[in-house]
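Below is one structure, written out as structure tokens; the observations come after it.
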Amino acid sequence: MTMITDSLAVVLQRRDWENPGVTQLNRLAAHPPFASWRNSEEARTDRPSQQLRSLNGEWRFAWFPAPEAVPESWLECDLPEADTVVVPSNWQMHGYDAPIYTNVTYPITVNPPFVPTENPTGCYSLTFNVDESWLQEGQTRIIFDGVNSAFHLWCNGRWVGYGQDSRLPSEFDLSAFLRAGENRLAVMVLRWSDGSYLEDQDMWRMSGIFRDVSLLHKPTTQISDFHVATRFNDDFSRAVLEAEVQMCGELRDYLRVTVSLWQGETQVASGTAPFGGEIIDERGSYADRVTLRLNVENPKLWSAEIPNLYRAVVELHTADGTLIEAEACDVGFREVRIENGLLLLNGKPLLIRGVNRHEHHPLHGQVMDEQTMVQDILLMKQNNFNAVRCSHYPNHPLWYTLCDRYGLYVVDEANIETHGMVPMNRLTDDPRWLPAMSERVTRMVQRDRNHPSVIIWSLGNESGHGANHDALYRWIKSVDPSRPVQYEGGGADTTATDIICPMYARVDEDQPFPAVPKWSIKKWLSLPGETRPLILCEYAHAMGNSLGGFAKYWQAFRQYPRLQGGFVWDWVDQSLIKYDENGNPWSAYGGDFGDTPNDRQFCMNGLVFADRTPHPALTEAKHQQQFFQFRLSGQTIEVTSEYLFRHSDNELLHWMVALDGKPLASGEVPLDVAPQGKQLIELPELPQPESAGQLWLTVRVVQPNATAWSEAGHISAWQQWRLAENLSVTLPSASHIIPQLTTSETDFCIELGNKRWQFNRQSGLLSQMWIGDEKQLLTPLRDQFTRAPLDNDIGVSEATRIDPNAWVERWKAAGHYQAEAALLQCSADTLADAVLITTAHAWQHQGKTLFISRKTYRIDGSGQMAITVDVEVASDTPHPARIGLTCQLAQVAERVNWLGLGPQENYPDRLTAACFDRWDLPLSDMYTPYVFPSENGLRCGTRELNYGSHQWRGDFQFNISRYSQQQLMETSHRHLLHAEEGTWLNIDGFHMGIGGDDSWSPSVSAEFQLSAGRYHYQLVWCQK
């Protein structure tokens, strides 16, 4: 044990937090989570241990701007200014100091290992009592599961130790410091340490004791570590559970270890042995260790699909059977290996349906509770995810247990990121930083290696490629050869990774960056000598209204076996709740706390909002990742299962044929599909309707029974096909009433019964419509070529750092947002059965014509207004965001009804999950509340739209909202939006894709850009 004078001044004088060679003082060795049961049955059933006591709850807390400002008296008693805070928590969430959101840029001046003198410091204290029996015998430990970023610990005024690495436990022996009666802990937490240079992750920078604190009492002679692994024969019919157990304390000949394996209430195998292992070298064996091997016949294998778990109980006892203590863990029989260029689980090639997940809560910051963790897992499973990457640090220890039990594959990632260094490997190639990096990797492995859900180790994130990575890669491969190692830094295919694991590589497009080229994922596989599998560690940047082009990745994954999926960036928006002057909550992002530097809304890249409400993009991910694929051939549906291990036993296939959303025929068939098998379903003769319309066949896979992760009736997969229709021509009924055209100096006015249309001759716009005396428009109907910029349109562009390549900057520079319409033509003609208005406009900016729009409005005797639009786009202007029409309707109706793709928001490059049907939703549901306002709520493939007294028919895309595109564009946060008068309608003949391969470079695929020079669309607008 390192002995240091207890005084605060002496401890601070050492400045351990600025010495990369000091990552801990007196911290105990890493190991799997312990409970020290004194009853093996309680260990088997995972009951709460009487030897494990939580110290979570109210602690006393005082904040200081620097550690030197803390008075020496704090070691002995609470300070007058101390407040009460809940542990675990981040002190920034209690109003102390400010959270800082930055992605790459370090929040402190870069001068490793030194940190600012102004180093916010939190002083925690807690008084507690210890059982008398704990003082009389054994060892009492204190466990801090997570403290950011470094801390010193005192107990009863005596210095105990020091720890850093905010995402792994720091555990200390308190036995020599405790006393009978009341005891007092004092924990000094520093916001910045040299460890902060290794924790430059894209997240909020927060501080404090943010994970659980507990006391653990272990006997003097104790289990100090245990590791379980599973081995198999070739066909997985026989297995061996290999358990290595290590003890500490007084080694006696009468000590024994028993390892028993349980499946529920049934003991499957058991073995007992004294300590003393196999001979290691010429000096002998480890006297304090023993390895037991238990044979298991026909083990039930673990996978994310079927997470079969056993329970291993490790008992330390005497030769006569007297139990000293027991530890236990869940065991999953599974094998991970790479063979022939494929990542295999239990001999089957995996397809990773993965997502990156930060530990984030809108109210609690980086504090995770079981309820939130389970909520995340259930949502992931319900949306066809089977894997999660712990980005970018080891997670709360409970997370892994839950992933074991519910079934998720885990990439466990070391808490190492040096993204802001120049070059990025400045520290990771420096041997002085090897001890700090080594602690972060080795302790992660020692804590988590018993979890079957952990199938891949990661050396960290965005830290370049240095010699330290190579050393740690070799250490892991030596200690745990049962798992592959991945690491993206330095080019995604270095010698420090078993898997090519690029981030944001595109399907077909190379990005030849200097030194670290990012090839297309297809090309990467074909590079000379490259035989590794490729799994994208990050892809499909889900920032705001995004995930366009997601289907293209999944087409490639299914086409090329060595493209084994990837991890979407990322799971949850990292917004935080703030309150306005009236106490109303609102969602905040970078800069909203006065934090500098900051990266604005770049912290919000989630498939779900911070409160776990899904983004519309989540449905697209669910659909593309679904485990059943469908093919229609004539009257036969071929259903293919992509499950590797699970036989469909809880699935019904519902099918329905509908004409324009009206059901004509339906049925259901139980699915009985073997893993990776097929089932052919013969449909009856399908009806052929006589009336015109779109005929669609829809299939949905429904789970009739609830599961551990879903309710009864859960829909897991679906597909639609448009069927051939009989040609049916419906002639419009002739009307003997002809609308009346009145011409004045300023207007053309058309009147039919109680309806009127007014066209302004100076502007050439439809300026007003009346039904009776009620005006229908608040603004004229006009062309629209822009949208409120998406995050993907903006990229990294901001006022102080313009990116001229960003879509929004190109549109601004070309004048798309400032363009004004010059009238070229406005004429009216009375036809035999209608009135025809013809207009033409040149949309210009600074004398340059960007678009020419020609329209005809044909108003007939039935009151229908048929609009045709022809647009010419200048060859030298950027491709526009949309080609459509917009106006502000006077009405505010409660509901929106449409025949088209839905029900969720969809865009041209993100619509495979949408279904063609007749949908009816509240107006409020047509708006997607992205925290950073932008274009939202589009519905594509629309044939009919009904809103209030209006109906539109044609082939178009629309969104309808209380917010104008102008307001969305000018507003920084969703809570600042205000409902405008009436309703804004945007009807597009064409709309550009949204992109999403990444959010910092233009990523809309060429096929979804509006690159043609001419466009034509038409629609009919009528009043009900």
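Even glycines carry a Cβ here, placed using N, Cα and C.
These figures come from a predicted structure and were not determined experimentally.
When Swiss-Prot records N103, D202, E538, Y539, A540, H541, N605, W1000 as binding substrate, the matching candidate from E265, E462, E668, E935 it lists for that site is E462. On a Cα basis, D202 (Na(+) binding site) lies 4 Å away from N103 (substrate binding site). Taking each of the binding-site residues Y539, F602, W1000 in turn and counting other Cβ atoms within 10 Å of its Cβ gives the largest count for Y539.
Note on H541 (substrate binding site): other Cβ atoms within 10 Å of its Cβ, all shown chains, come to 24.
Nearest by CA distance to H358 (site 'Transition state stabilizer'), out of the recorded positions D202, E417, E538, W1000, is D202. Among the recorded positions listed (D202, H392, H419, F602, N605), N605 has its Cα nearest to the Cα of H541 (substrate binding site).
Ranked by Cβ neighbours within 10 A across all protein chains shown, the binding-site residues D202, E417 are led by E417. Proximity note: of the listed recorded positions (E417, H419, E538, F602, N605), E417, H419 have a CA within 10 Å of the CA of E462 (substrate binding site), given in sequence order. Using the Cβ center of D202, F602, N605 for Na(+), the list of other same-chain residues with Cβ within 8 Å runs, in sequence order, N103, M543, W569, D570, Q574, D599, C603, M604. When Cα-Cα distances from N598 (Mg(2+) 2 binding site) are compared across the binding-site residues D202, E417, H419, Y539, W1000, the shortest belongs to D202. Here F602 (Na(+) binding site) is positioned 10 angstrom away from W1000 (substrate binding site), judged by their C-alpha atoms.
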